[in-house]
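Asks: According to TrEMBL:
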type    : residues : note
COILED  : 49-76    : coiled coil
COILED  : 336-363  : coiled coil
DOMAIN  : 6-58     : domain 'PAC'
DOMAIN  : 84-147   : domain 'PAS'
DOMAIN  : 163-216  : domain 'PAC'
DOMAIN  : 244-290  : domain 'PAS'
DOMAIN  : 293-345  : domain 'PAC'
DOMAIN  : 370-593  : domain 'Histidine kinase'
DOMAIN  : 634-750  : domain 'Response regulatory'
MOD_RES : D683     : 4-aspartylphosphate
Amino acid sequence: MAKGNHEVEFRNRTKSGQQIYISLRLSVIRDQEENIIYLIGCSNDISQQQAALQERKKIEKQLQQFNQELETRVEERTAELQESQRFIQSITDNTPNILYIYDLDEQRNIYFNRAIVDILGYSPEQIQGMENQFLLDLVHPDDLDSMLIHLNNLHTLQNGEKRNCEYRLRDVNGEWHWLLSRDAAFLYNKDGTLKQIVGTAQDITERKQSEEKLQNLSDRLSLAIKSGGFGIWEWDILQDQLIWDEQMYELYGLEKSDVLETIYQTWANALHPQDRERTETAIQQALRSEKEYNPEFRVVHPNGSIRYIKAYALVQRDNNGEPQRMVGVNFDITSAKEAEKQLRQVNERLTLTNAELDRATRLKDEFLANMSHELRTPLNAILGMSEGLQDGVFGNLSKQQKQAINSIDRSGNHLLALINDVLDLAKVESGKLELQLAQVSINYLCTNSVTFVRQQALKKNIQLTTKIPEGLANIVVDELRIRQVLINLLNNAVKFTPDGGCIKLEVKVIFSTPQNLLQFSVIDTGIGLTPENASKLFQPFIQIDSSLNRQYSGTGLGLALVRRLVELHQGTVGVTSELGKGSCFMVCLPYVVSKAPTVETTISPPNSIQYKEFQPSKHSPILTISQRPSSSTTLLLVEDNELNIATISSYLSSKGYKIEIAKNGEEGVTLAKSLSPDLILMDIQLPKVDGLEAIRQIRAEQRLTSTPIIALTALAMTGDQEKCLNAGANDYLSKPVKLKQLVEKIEDLLN
């Protein structure tokens with residue numbers, strides 16, 4: 001046992017069995033050799049002390065647990081506060097408005113959210129660095145005084161009170177932003193004075209710009225209303241109060257002093273008696289949302305004059321749809337009404353005039369069509385018979401008989417040319433003649449035109465020459481019509497040039513702006529003209545001197561037709577002449593140089609009046625080599641005119657065809673079905689069933705869908721060819737028919 005004193009505590013039981021705490025203190029006594037001689041001890045009952053110690057430990061343990069719980073709660077609360085702070089900061093950073101706390105004593109912002117950075121573009125460090133110079137540096141000079149007054153007045157701000165202020169701040173790029181601030185009290189000093197305010201600032205730049213535009217628009221609208229004579233009115237329905245502006249009084253011919261009753265009653269009394277009920281009903285319909293308010297009505301001025309008024313109005317309603325007020329405008333439309341009345345009268349007169357013109361045009365067209373038919377029908381027999389006689393269909397002729405037949409043929413063709421001139425001029429003047437433009441060789445055009453008059457010139461011993469530059473490019477024209485122009489001019493030159501004279505067709509290019517021109521000149525050594533007579537040349541049915549009619553035949557249509565055809569080509573025609581020495585007729589046409597190859601089209605026969613190049617219909621067979629028909633080739637001729645029947649059938653029979661005759665459309669359809677002919681010649685103007693309908697009925701027959709049909713008609717007006725082809729004909733010939741041409745078409749279609 002070690003030296004010294006030892007103390008130990010332990011539990012023990014008393015005699016009664018009670019447990020007690022004992023504190024034992026021992027002292028060790030040793031001899032010189034360090035052997036234990038004896039022990040001296042002292043024991044004490046420490047049960048009370050031990051109980052107090054246990055109680056103290058228990059309390060310490062409880063305190064420790066309480067501290068741990070408190071620390072946990074503090075940590076949780078701190079986390080909640082931090083989360084709440086992050087949430088609030090997120091809200092403030094993402095709100096589009098600036099949030100700020102402004103210290104009135106320090107005159108600076110002590111807090112602001114990120115919106116101020118987004119709106120103005122300055123960094124937080126830049127804004128903090130401005131301190132109390134922030135507003136002084138950035139506020140617009142025009143807004144500085146009002147801003148300082150606003151800040152000074154904030155000292156008197158009461159709790160719960162809010163104050164607004166609009167001002168402009170300059171952003172980092174130097175542009176101005178309009179802001180609307182709403183300020184409220186936030187923190188007070190101990191003496192009760194306001195120390196800090198909290199506020200929001202909204203960017204209202206777009207609104208301000210819109211307000212400025214709206215104000216400009218309002219100013220312009222006010223000017224327009226004043227300039228346009230618009231009167232504005234407003235009716236407060238709940239108060240039953242009608243308000244007029246000054247222009248309204250002027251529109252109704254009134255002064256404000258003239259209103260003795262309500263304005264509404266004054267307005268109603270000013271309405272024309274015939275319009276009052278209708279106009280007041282229109283108001284009620286607008287209030288019931290049945291109809292927009294936009295009536296026209298008459299008002300009677302105090303002086304008795306009547307004015308026409310146009311009104312528009314909108315009804316303003318509450319959330320329940322009940323009308324609260326009407327706002328509208330009136331303006332004077334008297335001038336427009338008078339103009340409408342005059343226009344209506346003019347239109348009525350024009351309608352009557354147009355009806356008369358349409359009737360006259362229709363009658364003229366019908367007359368021309370009928371005259372064409374009536375004139376061409378006998379000509380068909382005359383020219384057909386003469387052609388048959390010349391070809392020996394009716395036997396051999398003596399020399400004297402041939403001369404007589406040639407005279408008949410020339411006279412018939414001359415009459416046909418006159419008929420064609422009349423019809424052509426009528427078509428041009430009615431706008432029904434369409435040009436078929438194509439590239440044409442100039443040399444070819446002139447040479448072919450001269451060919452038509454060369455025989456007549458030779459008979460009068462007239463020298464006929466041409467002067468055409470080499471290498472001229474093609475010209476884009478209607479070949480048929482320009483050839484007709486040149487032939488007319490050359491015919492006139494031959495007609496009025498004495499025997500032994502000279503005629504020259506000259507062509508030259510005139511270089512000019514905006515486009516080059518090609519000039520055709522027909523120069524003769526004829527009788528010439530006076531200047532006053534030259535001005536009459538191009539009028540229809542006009543000849544220079546009626547006495548000339550006995551020497552020079554004609555209708556006076558040739559040059560009128562020349563002028564119309566040239567003008568259709570956007571060209572001009574003119575003449576220079578000297579009486580007794582000759583004339584020069586000039587035709588100028590637009591000349592656009594083309595590098596395309598020359599297009600040479602087949603010359604139409606002199607009696608042709610077709611205005612479009614023929615395009616075979618879907619029924620046209622493929623063209624092959626022509627051969628003489630066999631004796632079994634049957635042609636059905638549907639024709640009601642006996643002379644035409646005799647002429648055509650005799651000529652075709654002599655060519656080896658077998659001819660069957662039908663004298664009306666109904667009979668033609670019947671024979672076509674029963675005979676199944678190789679080809680059908682169909683007149684158009686037929687009794688019972690007309691030729692067009694007969695063609696349609698024939699085409700409806702399955703066996704006859706591909707049978708060639710040639711339409712023969714004395715109708716020669718615009719559209720007649722299309723009508724025949726659309727009905728189902730393969731080809732079209734106008735009367736008088738050239739029998740040789742007819743045979744060629746028959747051979748083409750049969751082969």
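Residue 1 is the first one shown; counting continues down the chain.
Here the Cβ of each residue, glycine as well, is placed from N, Cα and C on the backbone.
Automatic prediction, not curation, is the source of TrEMBL annotations.
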Asks: At a C-beta cut-off of under 8 Å, are there same-chain residues at least 6 beyond the coiled coil (49-76) that contact it? List them, or none.
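Replies: Distant Cβ neighbours of the coiled coil (49-76) are 9, 21.
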Asks: For a three-state summary based on DSSP, what are the helix, strand and coil counts in the domain 'Response regulatory' (634-750)?
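Replies: Helix/strand/coil tally for the domain 'Response regulatory' (634-750): 57 helix, 24 strand, 36 coil.
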Asks: Tell me which residues of the chain lie with their Cβ under 8 angstroms from that of D683 (4-aspartylphosphate), as long as they are six or more apart in sequence?
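Replies: For D683 (4-aspartylphosphate), the qualifying residues are V638, E639, D640, N641, N644, G691, L712, T713.
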